[in-house]
Amino acid sequence: MAAAGKLSVVAIMVFIAAISNSVSADPDMLQDVCVADLNNGKHAAELASRIGVEVRTHVIDLGVHRWKAVDESVKAPILQRIMLLYSAARRSVAALCLPVMSATALCLLLFAVHSSVKMNGFACKANFSPSDFFSSCLAMQMPTNNMLGSTVTPANVMQIPGLNTLGVSMARIDFAPGGLNPPHTHPRATEIIFVLYGELDVGFITTTNVLVSMTIKQGDIFTFPKGLVHFQINNGKGPAAAIAAFDSQNPGVQAIAATLFAAMPPVSDSVLSKAFQISYKEVDEIKAKHGGKR
């Protein structure tokens, strides 16, 4: 195993060279667009969890000269595994980045027999049309007669399949007077908002519990760093609206209150009671308001 620990990435380079003919013969390998097949949307992470560990044992170091110095008995199983991957490659391909040797990250071509391997979230549709790149979902003001007085309308890969692999999406947030887009996070994206009309008090909280906030009005822009808890509230006398942009095709969202009090299975009352220093009765009341269960 000590010798294997010195193996070069040449092993994988040999593998890639071996498949280069079949890859270059496919005109769709390097394509302009990859419109999401929303009917077949499992993530490539399934592949990584299945064979990622095996690949990491083969790609250990970057010194090309070390490969020649390795004993043939150690090379043999490595090359055998490469050939197995090559055979599987004829059925499906996914491009993934895996951590190698702690801080080092290499983007590798990983291959698996499973036919539903995806790249960056969704498979590519075989055929697409202009409608896959279009949506008018942000054009209209949405009703805000709900508990929070706000409505978020997403325009991500689920609404616009053509966004797949492009790393961008948008949303519209409409606010009634006093309406709140409650404290939440986007685990996969930084957000930048542009105020269409009205006035908003906005802010985010850093990991050292510093509140960064200000009032923004029509035409203003404000940024919320990736993963940090943030909010927007309309403290003005009239309605307000903003357009948000994200550097992810699907930024994800976790509203703090709903995440904790409406989780399924439910977070135990004892956890929430102690975390927020409130009674069990108050926990149940908050859960009821968010549609959670005891």
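Backbone N, Cα and C atoms are what each Cβ position is placed from, and that goes for glycine too.
Residues or ranges marked as oxalate binding site in TrEMBL: Asn181, His186, Glu191. The Mn(2+) binding site annotation in TrEMBL covers His184, His186, Glu191, His230. Taken from TrEMBL, the feature domain 'Cupin type-1' applies to 136-284. What TrEMBL lists as signal peptide is 1-25. Per TrEMBL, the feature transmembrane segment maps to 93-113.
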Pairwise Cα distance for His230 (Mn(2+) binding site)/Asn181 (oxalate binding site) [Å, integer]: 9
Number of other Cβ atoms within 10 Å of the Cβ of Glu191 (oxalate binding site) across all protein chains: 22
Output field, oxalate shell: CB within 8 Å of site CB centroid, site Asn181, His186, Glu191 dropped: Ala171, His184, Thr185, Ile193, Phe224, His230, Ala244, Phe246, Pro251, Val253
Number of helical, extended and coil residues in the domain 'Cupin type-1' (136-284), per DSSP: 22 helix, 57 strand, 70 coil
Alpha-carbon distance [His184 (Mn(2+) binding site); Glu191 (oxalate binding site)] in Å: 12
Cβ-based neighbourhood (8 Å from the centroid) of the Mn(2+) site, residues His184, His186, Glu191, His230 excluded: Thr185, Ala189, Phe204, Phe224, Leu228, Val229, Pro251, Val253
